[in-house]
Amino acid sequence: MVSTTFRRIVSPCWRPFGIGEDSSPGSDDTNGRLDGLLWYKDSGNHITGEFSMAVVQANNLLEDHSQLESGPISLHESGPEATFVGVYDGHGGPEAARFVNDRLFYNIKRYTSEQRGMSPDVITRGFVATEEEFLGLVQEQWKTKPQIASVGACCLVGIVCNGLLYVANAGDSRVVLGKVANPFKELKAVQLSTEHNASIESVREELRLLHPDDPNIVVLKHKVWRVKGIIQVSRSIGDAYLKRAEFNQEPLLPKFRVPERFEKPIMRAEPTITVHKIHPEDQFLIFASDGLWEHLSNQEAVDIVNSCPRNGVARKLVKAALQEAAKKREMRYSDLEKIERGIRRHFHDDITVIVVFLHATNFATRTPISVKGGGLLSAHNPVL
């Protein structure tokens, strides 16, 4: 008998998603499709398999940006090929996430060319270069648009290259591996990313070690741990007001200013990087912003992907998270769907999901591809 819990988890696979459900393999969704506050690309091919993407908007302006790039990961024709996945969860506004979406992949390609190969050092250099570029933009716009100093983005990157998976994370987005765990072919969820959120004790300890003379480096405020009592994440690209003292002053709004002058950055942009050798039992990767993980556990997400057809599976994950969000507020999912952006943020965050299947099939392609998550949802955001 199917358990109630399992039925609830995989139910998105058994019922129609809603308006715009038509997602047959032959349908043309080259640039994705838009259905209200939902953008999705149900299926696509990368160099070693297939992928599925979905984004749902909650904020008045979409703060999540994302991309999937498959093909050369170097500026040289002789360089390696890879599949690159980026999930950029903005806060304070969309500007930093949008900037990272435009610049990080290029910077990593540039350093891959210089170093003649992929490595953790190449990725770190790409993050740091993108950070410096954005802080330069903040400097340029400081007098006319000071609020840009309070904008940042959590950045999660995955690169599949030459049989290795490189995972780089700065912030609290997450990537989870679905892996065959036993002879019965059951899939186990394995988290591959390290998160930087002050709710995690090890993150608080790291901050205290880095700032031993600051008793207020982490503060418990309204039952939530925050860096300097302001922000939950300890690493990001952007958030210039907590990295350079020159931005910790007027005309920045008082709620973003810290009372003490600081000499070294309070937040960092350098990611934590792990390298994972891909094995035959490794089936797929789920990359998602924290909006998904607020409502689904790692294992629940893996079970959904394992139980659903590949086509449209990212959209199924988004629906499962929204169903949980509605349940927590004791409302119907159909009523949640009717709530407009902005107001919707009181019920859930922007959610980005990219599912990447790892092993080559008949659907794999050597043709370079580039997909930006969000499509027309992102087009409403202001250009810097």
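Glycine is treated like the rest: Cβ placed from N, Cα and C.
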Same Mn(2+) 2 site per Swiss-Prot - residue from Asp42, Asp89, Asp102 joining Asp290, Asp349:
Asp89
Using other CB atoms within 10 angstroms as the count, which residue among the recorded positions Ser78, Asp89, Gly90, Asp290, Asp349 scores least?
Ser78
Where does Asp89 (Mn(2+) 2 binding site) sit in the DSSP three-state scheme?
strand
Which whole number is the mean pLDDT over the domain 'PPM-type phosphatase' (47-358)?
95
How long is the line from the C-alpha of Ser78 (phosphoserine) to the C-alpha of Asp349 (Mn(2+) 2 binding site), rounded to the nearest angstrom?
41
Around the Mn(2+) 2 site formed by Asp89, Asp290, Asp349, which additional residues qualify by having Cβ within 8 Å of the site's Cβ center?
Asp64, Cys154, Asp172, Ser173, Ser289, Gly291, Leu292, Glu294, Asp350, Ile351
Sort Asp349 (Mn(2+) 2 binding site) into helix, strand or coil using the DSSP assignment.
coil
